[in-house]
């Protein structure tokens, strides 16, 4: 994941200092892209320990269409707690938009197209439902993703409008890489690339020291991901995912900007 470390270094050395909604302040740049060959390994950061369980359970939660944190909490995942209301609800965020945007199941539509019309340029899933943004606890940061098939290989590109590079981006890369692997499996396709594209790409000011610490670390080889094939995209469970040969440096704690 040297590609990610290059982004950290670029932000620290050439980014622009800006104010932001949270009041913490950021150093940011606009427009950045990284590419990961999924056949070469699972792009899970090795220069700090990542909480793999949270990545998997959150993705399964999105795919279920659920927007209440009860399922996450029951499985020891607390990453959405700060934004939930007293009942655990988050409003019509990612899962709702993916699986039921005005009655449309975007995930099912893309899977159908992958199987029947893989050259389509319309294989997109969007979470940016303008009519419902004010009902969401947090407007989508990872807004839109598109699939592309070439030579029997499935690739995915994500557009992330707001990218918290230290905490959020490594998590998002792994999550969408995993989703791409699941979609490829369900559509009987080989693995292509995961392309991450960021809009406002930023480091919070209270993450500078952590980023500098991470830059001192040498990346390890990427782990492998083994997925037991489920009957459908809706039938995967946590136990279907096996992370193999994940060697990493120690975790680096950093505060979440709410």
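Every residue gets a Cβ built from N, Cα and C, even glycine.
Given the structure is predicted, the values throughout are model-derived calculations rather than measurements.
Around residue 122 (dUMP binding site), a 10 Å sphere centred on its CB holds 10 further CB atoms from the protein chains shown. Reduced to three states, the DSSP call for residue 122 (dUMP binding site) is coil. The dUMP binding site feature in Swiss-Prot is assigned to 21, 121, 122, 161, 162, 163, 164, 172, 202, 203, 204.
Under the DSSP three-state reduction, residue 164 (dUMP binding site) is assigned to strand. Less than 8 angstroms from the CB of residue 164 (dUMP binding site) sit 141, 202, 204, 257, each of them six or more residues away in the same chain. The (6R)-5,10-methylene-5,6,7,8-tetrahydrofolate binding site feature in Swiss-Prot is assigned to 51, 164, 257.
With a 10 A radius on its CB, residue 141 (active site, nucleophile) counts 18 other CB atoms from all the protein chains. Positions annotated as active site, nucleophile by Swiss-Prot: 141.
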Inset, instruction - Report, in whole Å, the straight Cα-to-Cα distance of residue 51 ((6R)-5,10-methylene-5,6,7,8-tetrahydrofolate binding site) from residue 162 (dUMP binding site). - result: 21
Inset, instruction - Other Cβ atoms within 10 Å is the metric here; tell me which of the binding-site residues 21, 51, 202 scores highest. - result: 202
Inset, instruction - Looking only at C-alpha atoms, tell me how far residue 21 (dUMP binding site) is from residue 51 ((6R)-5,10-methylene-5,6,7,8-tetrahydrofolate binding site), rounded to the nearest Å. - result: 27
